[in-house]
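Here is the structure we will look at, set down as structure tokens.
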Amino acid sequence: MASQQQFSALKGAKVLMVGAGGIGCELLKTLALSGFQDIHIIDMDTIEVSNLNRQFLFRQSHVGQSKAKVAREAVLKFRPHIKITPYHANVKDPDFNVDFFKQFNVVLNGLDNLDARRHVNRLCLAAEVPLVESGTTGFLGQVTVHVKGRTECYECQPKPAPKTYPVCTITSTPSKFVHCIVWAKDLLFGKLFGDKNQENDLNVRSSDVASSSEQTEDVFERRKDEDIDQYGRRIYDHVFGYNIEVALSNEETWKNRTRPKPIYSSDVLPNGLAQQNGNLDKNCATDDPLSVSAMASLGMKNPQDIWSLVENSRIFLEAFKLFFMKREKEIGNLTFDKDDQLAVEFVTAAANIRASSFGIPLQSLFEAKGIAGNIVHAIATTNAIIAGLIVIEAIKVLQSDTKNYRMTYCLEHATRKMLLMPVEPFEANKSCYVCSETPLKLEINTRHAKLRDFVEKIVKAKLGMYFPLIMHGSALLYEVGDDLDEDMVANYAANLEKVLSELPSPITSGVTVTVEDLKQELTCNINIKHREEFDEEKEPDGMLLSGWTQASSVEAEKNDEMGTVPSGKKRKVCEVPGAAAQDFSNATEGARNHNKLEVIDDGDDFLMLDQDPGINKKKRLQ
């Protein structure tokens, strides 16, 4: 039973929750039932039908409404006397600055993306407010505690980066279904329905085009007077037939690989079947473009069925036609969305046809959607367990019970009869550029790279700064803000287009650049080293940042998500003697089952499990 001291700590605490999704719903309920009286919630999302199977504060009637506001209303029905303040907004909005964070006793994260987590981590450090971080994916979960001056910050350890695949593997030699999904989603879907100027290896000139250098044709463009069925079959034959034949012409590629089989629509669909249209009337009842469905047109209902090559071909052609007949105004601006039914059907069918060509097992729409949308399907019980653990750690934080802080991992398979593994927190990583202000090193071609490249690829994409200020010595080279006058804005815009070595205060090898984010109150020094050449495939950005703590995609693929590291060092489990540390590592075997996904994210509950502390030889708190 909770002590009077605990009740006093809870009653007087002001708590900020970030995220009201899978974890957030369980967390708000548990906070309210545990005695917390003043809770603030930030969430920018609205409720979707797919949320209802695990976010139990929401009902069908709430679809389309703010998650934060509906969650508040639901909890007040059984705890009417507590104060809950919702914000239907992005936590990265300027209103949620350091001063805003300072009013809270503890911040509890239930976020679904790395950028937002890093942003909250930095605000908590600047405001000196304790942060309890969390994440789930399927049966796996974790809760970690981050207190400035006492424990590591969220960014002290590498986070697995989304996996990437070599372009040549995707376009020429796929060996896994995920390679086919990436091809269908990022290359084919993007080329057909996204930016028409996108350059990729799909656009091989067709053999029926005259060899004259002056007469060329973009095969993805619809020809004059070409009906939609002819257009669809021509695209089908080009990407699944002609392009495969072109690939086969390189004999060297297939010496040690299974040769793929070109597939043409006439081989798969007899003329009658190829001409057969779906029932478009079945798509007339909806005004929602995201609900248009090739499956509905063709009378196919079960998303867990694995379609035959014929069925995939029919879905491909039907989905292609529906985009032009029902959503033509969107073509040219579309990007893949896992909640877009027609896009998922098209990508599934395209990936399956390509997989069939390369002898890769086909997958159902349900499985393909999971891979394409980077989904590990959420389990409500895991969310509930993690929410309970968050509240336990929040109570310890409020009581300043530092000796008993724990980072707890929820495992899929028991080890030593335990599914919950507590780990003592560790001290800050002295090389962490966020909380220890250690300088970073950037290798870059200072004579070719522009300031815009540096801002977009390093400052924003890698360092996660949204309102950066860039200085070289006393010279201010770039700044973002609402209070800048027109001349300053024009000057900074001009600087963006200049090569680094030609800036008013030139950035050359050996200089140090200072980057600040005034909203996050974060300052970072970057030592510049000039480098002439980069490997286009391994270093596509044309620059290399050292000293920051996000793992490379290769490391993320090789390392387990919960604790093993190349050196073989393991976290020790609290109060478990002997071989428990090894058992903890072994217990993470379940995490390996998820490594076929590019990113572990179910749209609500995102898990980015920390790597082993042995990487940086961290010290356990005394």
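Heads up, the Cβ atoms here are built off N, Cα and C, so glycines get one too.
Per TrEMBL, the feature active site, glycyl thioester intermediate maps to CYS168.
According to TrEMBL, the feature ATP binding site maps to 19-24, ASP43, 51-54, LYS67, 112-117. Within the same chain, residues at least 6 positions away in sequence whose Cβ sits under 8 Å from that of ASN53 (ATP binding site) are ALA380.
The domain 'THIF-type NAD/FAD binding fold' annotation in TrEMBL covers 7-433.
Secondary structure of the domain 'Ubiquitin-activating enzyme SCCH' (329-369), assigned with DSSP and counted as helix (H, G, I), strand (E, B) and coil, comes to 24 helix, 0 strand, 17 coil. Per TrEMBL, domain 'Ubiquitin-activating enzyme SCCH' is recorded for 329-369.
Taken from TrEMBL, the feature domain 'Ubiquitin/SUMO-activating enzyme ubiquitin-like' covers 442-534.
What TrEMBL records for 601-622 is region 'Disordered'.
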Chain-internal residues near ASP115 (ATP binding site), provided their CB is under 8 angstroms and they sit 6+ positions away: LYS92, GLY464
Within the domain 'Ubiquitin/SUMO-activating enzyme ubiquitin-like' (442-534), residues counted as helix, strand or coil by DSSP: 24 helix, 30 strand, 39 coil
